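A short worksheet on the structure shown next.
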Amino acid sequence: MYKSRKKIILTFLLPSFLGLLVFKVFSMLYSLYISFTDWNLFGDPNFIGIRNYMDIFQDERFYQALKNTLLFITGYLPSVLIVSLGLAMLLNSKVKKVTLFRGLFFLPVISSWVAISMIWKGMLNPEFGIINTIIRFFGGNGPAWLQNPSYVMPAIIMTSVWKDIGFLAIIFLGGLQGISQTYYEAAQIDCAGPWQRFTKITLPLLSPTTFYVLILSIINSFQVFDQIWVMTSGEPTADLVPVMVTEIYRNSFRYQRMGYSTALSWVLFGIIILVTVIQNVLQKKWVHYDD
Amino acid sequence: MKKKNAIIYILLILGALMMIVPFGWMLVVAFTNADITYNMTLKNIWNSLSLNSFRTVFSQYNTGRYLFNSVFVSLMATAGQILICAMSGFVFARIEFRHKEKLFLLYLATMMIPVQATVIPQYILMNKMNLINTYIALFLPGMFNAFGTFLMRQYFKSIPAALEEAACIDGAGFIRIFFQIMLPLSKPGLAVLAVTGFMGAWNDFLWPLLVASDDLHTTLPLFLSQLQGRWYVDWSVLMSATLISVLPILLVYIFAQKYFIEGIQNTGIK
């Protein structure tokens, strides 16, 4: 239909093609190249083979960062999945004004991590923070969350769950709305109780969505950076809870160890791919596709 | 049934309270003075209501400039992303050429490239082109994303080709058809792209942290993170600044809630 095909392709496709080529494809290959050099931003890069990768696996801080990242995931993932699924089921119930609530749970999702971190630094303040006031009300004694190295990770996990439940609940809600009512009607006839309906209908039929949420949140939590960086900055714990991406940032932009930090980012990428592949294999055991 | 609904409401209200209280605390502290944080009774709040901290935020810091930077950079990134993605989506939806399918697969493959693998080379690229501490560095890389191309291609494909054929017969060129027929007909897709793009750019922290180190190009998230000094934090000033940084995206959200939710359900991007 269009006569000037070449002209259209040149004017319409070229900008996005060049952009993706430079900022994605070339950047990726370039970082792979840097990861095999000793480049420090100044001077010329020297090829040093897999030295950076070997250094990483001998670096104490790498294991610390990996441990903290895994610690974050083990605390964050189960809680955020359970709470957001529960919320999605509440939002899916047919009570009035339910969309009004949906809007409220979304407030933390649209706000930036920096803003949320600032607010939660106040909430978690040991002297006047609301969290410790509540704990004191029940007779307990709250810790100095962000100042104490053993409490900073639980505090960050708590904040992250709070921020993300609205986001994941919306995705779960989409999945719940896709489950046909006829299953529940049939279960009603068979006198299945609520718990049976939940475990025998909702969970299996929701499993594709759960799988998607799981993949998404694991990838996101391996890349956790903003909240760790901002919530600990200015606190005595600032350098005490390194995770993978804060280590990448520190090595590249504080110590100019470009080779080491790009190698680190490829190791992180490798870990994410590995975990995703493992999940893809495991999903055959628990994800039911309804055909 | 009544009892069940009551339980649902109670749970929803409890949850909603947990969501609102931190924002409420931000509002109270922002509109009072810092001393109030230690003794927050209703009477104290009422007695110390003031706009002083907002005055401080704007007079002692370059906040007007940071606000402008954030707005400008986010708008440019969003506009650029919409235009570039819509144009390429149009080509993939309507124009036939050799290796088109392969090229499209390549586009989709770029979505799997992780941020960490590209962020350092992108910074080096900006450095080499002497673009550090410029607006261009802040918004340019954010303009290119294959997902937007994919989304727009889907929308354009759902529009019947008869409309364009009619316009073609009437002598309209492809640029006119694109801007006057295709874009207006794909408003929902553009809206989803706009809100996700704007939110991403507005809330971005890592990229501005890398490429904007001078005061003239500081964005609001950067300013916020700098504002909390190491030893002394004026909570009222900090919360006023936080409020200023949340308010614009909140306004966008209130007017385009539907597209935010649609965008997240379709893309999983936040």
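Every residue gets a Cβ built from N, Cα and C, even glycine.
Any TrEMBL annotation is an automated prediction that lacks curation.
Here TrEMBL flags B:7-31 (among others) as transmembrane segment.
The transmembrane segment feature in TrEMBL is assigned to B:66-92 (among others). Same-chain residues lying 6 or more positions outside the transmembrane segment (B:66-92) and placing a CB less than 8 Å from one of its CB atoms are 100, 104, 107, 135, 138-140, 142-145, 148-156, 178, 182-183, 186, 190, 193-194, 197-198, 200-202, 208, 217-223, 244-245, 248.
Annotation comment: TrEMBL describes B:67-256 as domain 'ABC transmembrane type-1'.
Residues or ranges marked as transmembrane segment in TrEMBL: B:104-125 (among others).
Here the transmembrane segment (B:131-151) has Cβ contacts under 8 Å with residues 69, 72-74, 76-77, 80-82, 84-86, 88-89, 92, 107-108, 110-111, 122, 189, 192-193, 197, 200-201, 204, 207-208, 211-214, 216-217, 219, 266-267, 269 of the same chain, all six or more residues outside its ends. What TrEMBL records for B:131-151 (among others) is transmembrane segment.
Residues annotated as transmembrane segment in TrEMBL: B:190-212 (among others).
Within its own chain, the transmembrane segment (B:232-256) has Cβ neighbours under 8 Å at 26-27, 29-30, 32-34, 36-37, 52-54, 56-57, 61, 63, 67, 70-71, 191, 194-195, 198-199, 202-203, 220-221, 223-224, counting only residues six or more beyond its boundaries. Taken from TrEMBL, the feature transmembrane segment covers B:232-256 (among others).
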